[in-house]
2 protein chains.
Amino acid sequence: MSEQPAPAPVPVLPAEVADALKRDAAGLVAAVVQQFDTNEVLMLGWMDDEALRRTMTSGRVTFYSRSRQEYWRKGDTSGHVQWVKSVALDCDGDALLVRVDQVGAACHTGTRTCFDGRGLPVVAGDAGAAGNAS
Amino acid sequence: MSEQPAPAPVPVLPAEVADALKRDAAGLVAAVVQQFDTNEVLMLGWMDDEALRRTMTSGRVTFYSRSRQEYWRKGDTSGHVQWVKSVALDCDGDALLVRVDQVGAACHTGTRTCFDGRGLPVVAGDAGAAGNAS
């Protein structure tokens, strides 16, 4: 038999990270994206294992689009790149906090964040008026 | 026939809010909870229409627990109440940003946020090293 080169290993998430993820029915976890220096919450996206692996290893944020069912690396079309500063997984494994340096607008509508100008009417809570919480 | 009192109307979300929600297969949207004055991201929870309605109208944050399949009003057990300051719905309707005044620890493990000390190893991105994004 002729010798064949060994197939290149398929890159995967570190086992301790993959084991800690609590994925939804679609295999995804929520990814909160925050500007690293101002702490603004810019947007929320979704990641499967491969999107998280790319985000952890490439310096750029990659999401998995639930509507288009494909990977998208933020900024490839718009130029509005997200440079990764840090990633943390929450206590129950279903949410990521991705701190980035956002180039330009995070939102495809052109606003800095996906929440700008989108407030809902609320009754604000007030610890003083309500007294001590039990 | 004897007269019966009219049944009390069941409170529901305003139609324009309900119509804007893009719920997942379980009927939920993600809710990012942020400390209003420091911009810390405290935690991520899940809300259905009723949890959002309670959050918008009561001054306190109510989530829907995916694991326990029940409503929980943050702080009722722990005392670590979240007083609502504002709520915004993102551009595509699948994420809420709930700004609060958090009493004590947001995380059930006792840390201030659910992400504290839970960083993953990453290769940080660097706009300077990478040159201009295309």
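In case you wondered, yes, glycine gets a Cβ from its N, Cα and C as well.
As written in Swiss-Prot, here are the features:
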BINDING   A:Asp90, A:Asp92, A:Asp94  Mg(2+) binding site
BINDING   A:Cys91, A:Cys107, A:Cys114  Zn(2+) binding site
Separation of alpha carbons, A:Cys114 (Zn(2+) binding site) and A:Asp90 (Mg(2+) binding site) (Å): 22
Binding-site residues listed as A:Asp90, A:Asp92, A:Asp94, least Cβ neighbours within 10 Å: A:Asp92
Long-range Cβ environment of A:Cys107 (Zn(2+) binding site), under 8 Å and at least 6 residues apart: A:Leu42, A:Met43, A:Thr113, A:Cys114, A:Asp116
Fewest-neighbour residue among binding-site residues, criterion Cβ within 10 Å, set A:Cys91, A:Cys114: A:Cys91
